[in-house]
Amino acid sequence: SLGGPWLLGLLARLLLWGSPGARGSYLRRSSSCMPIPQSMALCYDIGYSDMRIPNLLEHETMTEVIQQSSSWLPLLARECHPDARIFLCSLFAPICLDRLIFPCRSLCEAVKRSCAPVMACYGYPWPEILNCNKFPADHELCIAAVSMDENSSSRRMPRASCQDCELEEASTAREILESLCANDFAVKIRILRRNTTTTISDFDLDPSKVEVLKHGPLLRTEIPARLQQWLDIDATCAHNIMRGTQAGVFVVSGEVQSDKVVVNKAYAWQKRNRNLHQAVRRWKHHRCPEQAG
């Protein structure tokens, strides 16, 4: 089965291409077609059903392919780039055609630009086997990027951060107040999910639903823009907070780091979170320890 705009585009290019190009080399006799197994979570249901073995990373058996490809699943979970899966699967599970088709150098560079910093957070360098200089230039036969470049003004490209961010349980009002005191800023906001059709969702701040509890070193007037910037660049955190919902109200607090804000705590504003409601009511008259003296 074939599917996906990137795959249709590749097939269209193949029909027009007269020669394989420097990297679109013809298959070795030892290469064979095999179904992509369901146990290969990285590439199963990617848009085509069969792959070549050995693959472009010289994995000789399906067992080796599954084992090696599974190590990249945590990176995909960080949503570092919408084309990361296409790039990796073009190497781990190359499509079954009459020639080997490599990813374009520009695709590799785009994915590396967004994903390598996330890998570095966990102590993993971008591997030499994925050196972008090894891949063909865009004018050759290759798999190109699907998403627009992050420099395009027509679409913002969210970038994953290293910040692990989850909704907090509103334990006690006192603990929440202590958390608000410990952070630079605290705001009650409404977040909207703008797009669900791409690998990475886009999120918007509802500017009419911003209640500043604590602005710290920030000006009150600049807080909405800074929080929108946070939503733009920290797709992973926003995704975790939203938990699949289309809209939600949250109390978030965090710190200011040079030219950006980082959210450290997030609580869902719901009726059952009585401790959170109590903490927000008490905040107006609450004195943090450093202010008490």
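From the backbone N, Cα and C atoms, a Cβ is placed for every residue, glycine too.
For CYS43, the cysteine that TrEMBL lists as its disulphide partner among CYS89, CYS96, CYS104 is CYS89. The record in TrEMBL pairs CYS108 in a disulfide bond with CYS132, which is drawn from CYS80, CYS132, CYS142, CYS162. Cβ environment of CYS43 (disulfide bond): ILE36, MET51, SER69, ARG85, LEU88, CYS89, PHE92, ALA93 lie under 8 Å away, each six or more residues apart in the same chain. Across the domain 'NTR' (162-288), DSSP assigns 42 helix, 44 strand, 41 coil.
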